[in-house]
Every structure is written in structure tokens, then in C-alpha cells.
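The GTP binding site annotation in Swiss-Prot covers 494-501, 540-544, 594-597 and rests on sequence analysis. The compositional bias 'Basic and acidic residues' annotation in Swiss-Prot covers 49-58, 65-89, 99-113, 349-377. The compositional bias 'Polar residues' annotation in Swiss-Prot covers 125-136. For 594-597, the entry in Swiss-Prot reads region 'G4'.
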Amino acid sequence: MTKKRVHELAKELNIENKELINKLMQIGISVKSHMSALENDAVEKVYHQYGKKQEKSSDSANKQIQREHGRGQGMEDKKEKDQLFRPDNAKGPGLVDRVPNRPPDRRYEDKAKVAQKPAQELRGSKTTTNSENEQTAPRQGSAQQSGQGRPQANRPQGSQGRPYGGRPQGGQSRPYGDRPQGGQGRPYGDRPQGGQGRPYGDRPQGGQGRPYGDRPQGGQGRPYGDRPQGGQGRPYGDRPQGGQGRPYGDRPQGGQSRPYGDRPQGGQGRPYGDRPQGGQSRPYGDRPQGGQGRPYGDRPQGGQGRHYGDRPQGGQGRPQGAGRPGANRGAGPSIPKPPEQVAQPKPTKAPDKTKGDRRKNYEKDGKWADGQIEKNKLFKGRNNKNKKRQHQQSAPPPILDKKPVQIAEVITVQELAEKLKKTAAEVIKKLMGLGVLATINQEVDFETATLIAGEYGIETELKVAVDKEALVMAEPEEDEDKLVLRPPVVTIMGHVDHGKTSLLDAIRETNVTAGEAGGITQHIGAYQVERNGKKITFVDTPGHAAFTSMRARGAQITDIAILVVAADDGVMPQTIEAINHAKAANVPIIVAINKMDKPDANPDKVKQELTQHELVVEDWGGDVIAVPVSAKNRTGLDNLLEMILLVAEVHELKANPDRMARGTVVEAELDKGRGPVATVLVQNGTLNVGDTIVVGQVSGRVRAMIDDKGRRVKKAPPSTPVEILGLSDVPEAGDILVAVEDEKLARDVAEKRKIRKREEGLKSSTKISLDDLFKHIQEGQIKELPIIVKADVQGSIEALAQALEKLTTEEVKVNLIHTGVGAVNETDIMLATASNAIVIGFNVRPDNNARKLADAEKVDINLYRVIYEVIDDVKKAMSGLLDPEFKEVVLGHVEVRKTFKASKIGTIAGGYVTEGKIVRDASVRVIRDGIVVFEGKLDSLKRFKDDAKEVAQGYECGLTIDRFNDVQEGDIIEAFTMEAIKREI
């Protein structure tokens, strides 16, 4: 016996190969793949596992025959209906192949022989009784008693199990030849006189090779064999005493040429002929003594409503014989004789036959059989064997449940065409019909897309837009079993020059302060220290007032805040700010009282000042840990580290290293050789080289990672600070880093954020409306100080921008037209030339080309290393833009003692300088009785007919006032001038 392979057995059991392999493993049978061969006992075990027994070949053949010939009741009825009354579907093998003397098809011989024995067992004891009943019944009488005019009724002396009953005394020239009494080599097996085991029953004394057996005293060339005393050429054989040319044989004493034969004593005009003593208007005519309204007429003394009527004393086991569903046993009453002539119904018009059907109905002598042309027109395609086979093989198309097409609020024509499964040209044509001229890349709204889909009968629904940014930023739920302890993140905060970086240097045993400009920290640094086998991550923040955002950012990413306070200086403004940041972030605070080595150190003063800000140390009954240290002498450091580890242990800081990384950008810069570089603190998950990340408005792939000691690493677990390379641009400090799996998703989120920030910048920019235009013209032009800032790191730019924007006043505004990380380049100089801006470089230098271009364009480049100097110089520049204040300075007074009138000059006042001096170009006021009569300019000043620039106190002078001649004796003329005073911010 051939061994079965795994895939063959899986196919037989209708399961997947993988499922079968797993099942074999469970029962102790080892297989390597789906091509492995299985022993018989292994196959038996599998059958036992799935509750299936191994079938024998005879049973399989029997079941196959039962499936082919519709042994079930419901399948039998349906098949018989299709064969009798739906000719287009009756094209199976052995049904209506009318080619004369066609040799038998040997493909069915083996199948019939194998099926003979189980078929005999199925009919068993019923055979003897049926055979005796059929032998005692007269031939013609049996046809009449079983109801004449029935399609495919039994024939006398019939064998059991035949679809059309037995045919005695068969004729010649049948499509499949005669059946002898043994009848070997027939496509459906032998027909013995008992007819057991044949799928279509036996033929008594029959001809060989006929698909439907012999007809008694039959005519030649009939596709369904002879009928007793019947006419020739009928598709279903003769009926006793019947007329010719009827598609279902003769009816007793019936009329000729009716499409479905005569009915005895029947009414005319019925589509399928008359029925004996029947009611009219039935779709298939009357049945003798039958009930009305049955789909296939009455049966004599039979059960009503049966599809194929009764069989007289019929043999059991026949597809249409007695003992089948819908049939009665016993003979019915004789049918009354129908009238000799009945009006012939109008023939039904049918479409022309195909070439293959016409050829099958053409006889050897080149002539058509009697009545064959008309009947072939009625039953087009009945004999098409290939079509029947195709009909059996082709399954009906599955009914698809049409789901609504999801369409976004805005969709391009090309995408809409793809969703509707149409071409873009068809969709554009529909749009033009709606009056919309669109190209394939043009977008249409949801309503228009719905109208187009409705034209094709497709329903639509609005697709809910997925917020990709929310999807990326969503924090997944953590599995408690996967959380492990992580190092604490400690931020060192405090006032400037209180020793924060020196304390961190002492812990790290390095010297960072030596390399800092001005001795102050101006950007965040992240470092990792290992002490007693446990790691601690330190984040150093600036203490200067300009770096508020850095301190706030440091507090947000930290687990523990170390507040450094100088023992000799106490709590200062930035110390208070750091306390507020730590409280806002809900971070535990450890106070490090530094500079204990100084002689004037006073730790109690520090503790007392801390209580004013709700920080009560443990020594005073509070819960705040205070540790005195000296960064210079390196004392108290071990105690400080122990306190850090203690607080971290109490808070049980945990993270999941097996998930996608998430962290915060501590600092970012543009390196000339490496490109954008970001210092990132990984807070959760593990960041690996090659991960796709999105950082604020920037996305990219991690090309390399460098730890705080300058070593390249391949992965960064939680609480690890690393520098990453591979970003598309310099991110902003404080941005959240998220590792994602889809690179396209990262790009989309970054681009969306960039667009949103640009729109926010446009909205926030101050604009002068038409309503305010006249007001601004009257008040004077708004003065702006355009500035271009270039710095070494992103954090410094952030600090500078915030510090400079605070300098803005109502009269002068600081306009940061461009900020960037990296050296000053030619683009910055060209932008400064166009906008008349000043260039500020913080810890960067201009390259040679930029310096040459700046000299040519006369652009001033200001370079700084300390943030104090930047703020002071910008203040001076802004002060120069302010309008000066004017102050009135009184020069002197002149008493008018005599007036003279000159025709060409006007009134000349002669006076005496009583106080100060009087200057020729000075402004004057004419005061009369303490009231200012006129204020204007001095026109001329003379002494003894000579022009004088000024006249001092105690001297006389003559003067004229511009556009004023009403000077009287006794008036006081006050000389004054307006002096401009420079304003400062």
C-alpha cells in the first residue's frame, strides 16, 4: 500500500499542513515537513484523532455514484425537474447524445462494476417483490395505470433503479446501441432482468449501449428509446396509442403535434396539453381524476402534489419508480379515452439552435428526424454534453456582501477611482457630468465623491481620520511582569556660581568647569556615574536667569532633584526658581549645601531660608534630606550618593526595556562633520542603532550612538544619555523622542508638526490692520531691531531667544528673523543684508567666505561667549533706536523798556538782560502780567546796531520776534532752548 504524505492526509482531512504536523507531534509521531511519508498505523492514529475511519474503495465508489446520480430525495427531485422541464440544464453524460451508433464510453465501465455490488445491497429484499409485480402487470396497462402523459414514467417489466424505467423488446439504431440480455460494456453497467446494482436500472431483453434502454416494439433512432406502440422521433419515447411529435411522448388516444402531448378529455390552450377529466388553466394540464393545481398534474388514485407521480406496483429503489418519495403503489383506474382531435396549441418560439445541436440531430442519410427540428427549437441545447459538464463543474458565483467604501473628507480623483474599481477617465467623465473639471491629482470633497459613487450604485461612508500624531505619542499600557529597575535620573539645580558643575566634576572625577566660558554652564550636560555597582544618571543645568527653560526641562525629565546652595551665599533668586520647577514636576528634592570649606559658611542660615519656601530639612523635623558637601575638597560626596540611591530605592523606579524607545532631547547641535547631533535621555524602552525615530519636527534613522564617555554603543537601555546621529535636521531641546516601526509614519508626523508650527508663527506675528494704520502713522513708525542668532547648541539659542524677547518694549521690538545651530555662513550674511539685521554668534565663528561677504556688504558680526554680554549689547542697540526725551532749559530773561516801530522791520523792542543770557537762535516767550502772550522764535538780536550772537546779563540789547509785533513796554521776554536726553532700556 502506498504511503501517504503529510500534505495528502491534510488535504483529505481538510486541515492545514501546520495543524496536522502539530497534531502528529502531540501523538508522538515525528515528521520533518509536509512532504514526509506516514506509515499506515500513523495514518490510523490520525484518523482516530479526528474521528474518521479509513474508507474502503468500494464504499468510496458507491458514494461517488450516489453523488453523481442524486441518490438523496431532495437531489433526485431537483435533478429530475432539471432533466424533464429545464432542457438547458440536461446535458450530462448519457442523457441526450444523439450521434448514431456511438461506441460506448468505457470510462464508466469500471465505475459501474465497482458500484454493482453495493447497489445490489441497497436494493436487497425489494427486488423480488418489484420484479413479480412488474411481470404480472400488462405492458400497456402499466403505462396507463401509472398515469399516462407523465414525463419519464415507468415502463412495464421495468428494472429497478432506472431513471426512466425499463424498456422491453428494444429497437435498433439507438444512439448507444442495443442492450443484450447481458449487456456488457455499457457506460452505466449491465442491465439484467432484475436490474440490481445498476445506477440507472436494467433493461429487460434490452439492446446494448442505449443510454436509456429499449422501448417495447420501439421505433428506431429515438433519443430516449421506444415507447410501446409509440411514434418515432419523440425525445422521450412513445406513449401507448399515442400521437407522434410530442416532446414527452403520446398520451392515450391523444392529438398529434402538441408540444407536450395531448391530455384525455382536456381543455385547449394549456401550455403543456390537456389532462384527462382535468381542470383548465393548469400549468402542466390535468391529471385523470386528479386534484387541480398540482405542478405536474394528478396521479390516478395517487398521492397528490407529487412531482413525478405514482408508479404502478413499482419497483423500489428506482429514481422515479414506486416506493420513492411522492409515488404510490397499486394500479389506478383506467383513463377515459380522449377526443380524437383537439386543437393544437400555438408552438412556442425559441431561439435558434447552435451548430453543435443541429449536428447531433442530423441522421446518417443527411435528413432530419421526424419532428426533430421543431422539438429541437423547443429544447435548445438539450444535447450539449460539454455544456452539461461545465454546468456541473462550475460553482455558482458567491454572493458578495457589498460593504460601503470608506472615503476620507478629501480624496484625489486617482484614489477615488481605485476605491471604486474604475478607471480615472470614467470618474473624470462623471465629474464633468456634475460640472466639475478635475484632473487625476485634483482633490474632491466627500460629498462629491459620494455622488460619483452613487452613480455606480456604491455606498460610501466617511472614513474617520486617524490622528497619526496621537497614535505615535500614545503611551501603551505596561505589563508589570516586564518592568525592571532602572538607574535614577538626577538633575543638579541651583543659583549661578553656587558650584553645581564643580560638584558634578567631583562626583565624575573630571574637570568640566575649566572648559566653560566665563566659568558658567550655558547648556545641559548629561552624564552617567557608577557607584557600588549601581548606575546614576546626572543632568547638569545652567543657573543663569536666562536659562529658565533649561531648568524647567531638566526638572521634567528627572527623578530626583539635587538643589545646590552655597553655604556662604544662601538662597538666591534662581534657587527659588529651581525649587518651584522641582515642585511643579513633583520631584523629590535633596539639598546639597556646598562650599562648606569656606570660613564664612553658615549651613544653618541656608536651612532657615529653605523653610521659608516649604523645604524643612530632617534635622528640623522635616522630610527633606540635606547633605553638607564640599566640591573643592571632595568631602560628603559618598553620603550624597548614598542618599540618592536610597531615595531611588524607595520610589522603585522601573521601566520596560523590551518595548520601543521613548526619551527626551536634552540638547541638540549641528556638528560640521557629523551633521545634526542630539543628546537624548532614553526614559523607557531600548533605543537601538537603525531604529526609526521621530523627534518633534524632525525624523530620521539612528545611524550611530555615542555615550557620555565618547564610546560608540549599539543600544541604549532606560535612563541612559546618548548622542544620536542620523536626524534630518536639528531638533529642539525638550522634544520627545519616539521610536516607531514605520518610516513613512515618522515622516508624516514630523511634516505635520512642521506645518502646524509654521501656521502658528504666522498667526502670532504682529500685523498692522487698516484700522490701525492711521494711528501708527501719527505715532510714528514702529521700530524693530532685526537680529540673526547663531549658536553652538539648540539650548543656547532657546535661552538667547527668550532673554532677547524680554527686552522688547512698546517702542522698540526685537525681531529674531532667523536662529540656527552652527557657524555663521554666507546665507546668514545675505539675509542680514536684505533685512538690515545684526548678526550675533554665540560660541561660534564665521567661516572665511562669510567673513569676506560681511566685509563687502558692511554687515556687523558680533561674536560672544558669555550670555551677559549678548544681552547688554542688544540693550544698547535698542536704546539707540528709542526716540530721545526733550528737556526745556531757560537761558535768561529780558525786560522790555522801550519799543520802536520800523515800517519794513516791524516793532523793535529795546530791553535790558536781567538774568542769564539771551541767544539769537533761542526760543522766546512773551510774558505780560504773568501770562504767556506769545511763544516763538527770536528773529534778530543787536547791540548798538551790530548783530550779536548772545547778550549777557547786565547789558542792553535790541531784538525782534518772528511774526509778533505786539510787544509793549514792561513785557518780560524769556529765552529758552529744548535739550534732547538719550533714553535707555
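All residue numbers here begin at 1 and follow the chain in the order shown.
Cβ coordinates come from backbone N, Cα and C, glycine included.
Every protein chain shown contributes to the tally, and the Cβ of GLY494 (GTP binding site) ends up with 28 other Cβ atoms within 10 Å. Of all Cβ atoms in the shown protein chains, 17 besides its own fall within 10 Å of the Cβ of ASP497 (GTP binding site). In the region 'G4' (594-597), helix, strand and coil residues by DSSP number 0 helix, 1 strand, 3 coil. Per-residue pLDDT, averaged over the region 'G4' (594-597), rounds to 84.
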